[in-house]
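Residues or ranges marked as domain 'Succinylglutamate desuccinylase/Aspartoacylase catalytic' in TrEMBL: B:11-204. Residues or ranges marked as Zn(2+) binding site by TrEMBL: B:H20, B:E23, B:H115. Per TrEMBL, active site, proton donor/acceptor is recorded for B:E177. Among the features that TrEMBL reports, domain 'AstE/AspA barrel-sandwich hybrid' is placed at B:218-299.
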Amino acid sequence: MTSSQVVQEVPMRRIAIFGGTHGNELSGVFLVKRWQEDGTEIQRPGLEVKPFMANPRAVEKCCRYIDCDLNRVFDADHLGMKVTDDTPYEVKRAQEINCMFGPKGGHKEAYDLIFDLHNTTANMGSTLILETTTNDFTIQLCNYIKDSLAPETCSVFLIEHPNLKYATTRSIAKYPVGVEVGPQPQGVLRADILDKMRKIVKHGLDFLHIFNTGKEFPPCTIEVYKITEKVDYPRNKNNEIIAVVHPNLQDQDWQPLSPGDPMFLTFEGKTIPYEGDSVIYPTFVNEAAYYEKNQAFIKTVKQKLSAKGVRACLS
Amino acid sequence: MAPIHYLPSLKHVAICGGTHGNEMSGIFLVKHWLRNPTELQRDTFHATPFLGNPRAVDKCVRYIDRDLNRTFSAEFLNSKDSDIESYEVQRTWEVNQIFGPKGSFQAYDFMFDLHNTTSNMGACLIVDSEHSLLPMHMCNYIQKHYTKSSCPIFLYQLPGEETYGISSVAKAALALELGPQPQGVLRADLLAQMQSIMACALDFTDLFNKGMLFPAFKIEAHKVAQRIDYPRYSDGEISAVVHPNLQDKDFLPLKPGDPIFQTVNGEPILYEGNDITYPAFINEAAYYEKKVAFVLMEKHTFSLPALQKKF
């Protein structure tokens, strides 16, 4: 292997694990609370790992958010907004979080990596969420976690898109990684889902530790699902939903949906088929929190993502 | 031959969805029936659909100030104190006025109350007690005619306990509890199931009103015995989760020594009762705040006498 295929990176130093970015997604809430009391499980030599409750007021009330979705306000406008009495709680909280773990925009002071722990009501299994295609390090991290979890599957969801990408809480770190595990109802803590999330974090931290020791990770290629479009429910002129996700599509996250396949079922029992001209891979199918966002599911396409080798430059 | 019990016909029948504003199957069915009520019409009556807690439905939350399905007790119904600012208490009075008053002659004859649970309870039929003859006959009819899934019967009233649910406003009631479905989610399979069971229940009501004789029968039902909380730390935070072996096992036997919880360190906590019991509402989202991880039930077989309309 030639040295040009290996990217040298500075070792990782400061890592954060966010739980409760949404206050009713209980796996991350539960884990972060426990790790704040006893962090043995997430400690690794040479790494500072900080568990952090992102939206404590929403956690207290066991709801997604108080005023607005915290996981959508880490853009320049909201982070730079002047705080007044009317400023939504989550915007204030975003600014606090940006001061503590950022600032956003690749600054030196920002945390190296943030794992942001989420649950979904969709049958997505273990999922890692990446923000860009161009980052060798996070691709390598995903590759390591996927290999470590095998034969259990772990999908990688890529939200890079000119207008569908959203301003995530974790995006203030140099390397943002979303962890999404489902299906789990809001306000419920399932042992099996908790176990899956814990394993992802464990392998993720192991990767960072091994990387820091100077081990070289050779070039790799992973399969990812890239967001292409959001699909709303069929609605009447009063904006009321008039059809539900078709039973054939329900729980079929990451499975191919071909032109003509059933997509929705109206109250009158009429099937509405998928009318696109190519196979897509739906995800976030029937996610509770997305009804208000007018999303029944998200369309993705499969693609390969390659990363150069990475190695820590140890002085 | 055992005597036949005679009961008056059911003329005023209501169907409540959205008693809890984030249990979507009933909400969507009621909204659908409000637009298109033909499905609810039968020869002898037509049922009135309504949303129990419209403000909670708008916000897609269980309730605004307090659980509406716990406020239909004398304490709240009789407190005409205008200081009570709770939305649900005011709504209780409204519902009581329209469909009650509870315990009075004018009250509706029957109320259906449509719920969802995050627990794996299937198509559960909830009745206050085995002494409610007409609802028990209705359950028997549903079990015989709706055959796509079993419909276990849950009897919720503890001995000596006052009724407090919204449907207790009517003279008789049946609640449907369908799961598993996350709060705020509408699944096609559960929606169809609820729609079919309701059609079946309305058919029964119509046949009863027409004078059909429903013979005596024996039926299995689960009677609530005990509510079990999560293990908790001294600060009130839960310290263990429902054990994977128990998760989703509603209505299946739980034996002494079976694991019920799992601590953060992976250690099982075992069931220490002396007898086989039957759990339900295992890991229901709305019961965390009520400090209920699951309820334990006893399984009984009840004998019920024949029923016919009083002419």
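Cβ from N, Cα, C; glycine included.
TrEMBL: automatically predicted annotations, no manual curation.
Where TrEMBL records a feature, it is marked here on the structure.
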residue	record	DSSP class
B:H20	Zn(2+) binding site	coil
B:H115	Zn(2+) binding site	strand
B:E177	active site, proton donor/acceptor	strand
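Other residues of the chain with a Cβ within 8 Å of the Cβ centroid of B:H20, B:E23, B:H115, the Zn(2+) site, are B:G18, B:T19, B:N22, B:G26, B:R62, B:N69, B:L114, B:N116, B:T117, B:A286.
Counting only residues at least six positions away in the same chain, the Cβ atoms of B:R62, B:L114, B:H115, B:N116, B:T117, B:Q181, B:Q183 sit under 8 Å from the Cβ of B:E23 (Zn(2+) binding site). Mean pLDDT, taken over the domain 'AstE/AspA barrel-sandwich hybrid' (B:218-299), works out to 96 on the 0 to 100 scale. Between the alpha carbons (Cα) of B:E177 (active site, proton donor/acceptor) and B:H20 (Zn(2+) binding site) lies a span of roughly 12 Å. For B:H20 (Zn(2+) binding site), the same-chain residues lying six or more positions away in sequence with a CB closer than 8 A to its CB are B:G52, B:N53, B:A56, B:R62, B:Y63, B:D67, B:L68, B:N69, B:H115, B:A286. Note on the domain 'AstE/AspA barrel-sandwich hybrid' (B:218-299): DSSP counts are 3 helix, 35 strand, 44 coil.
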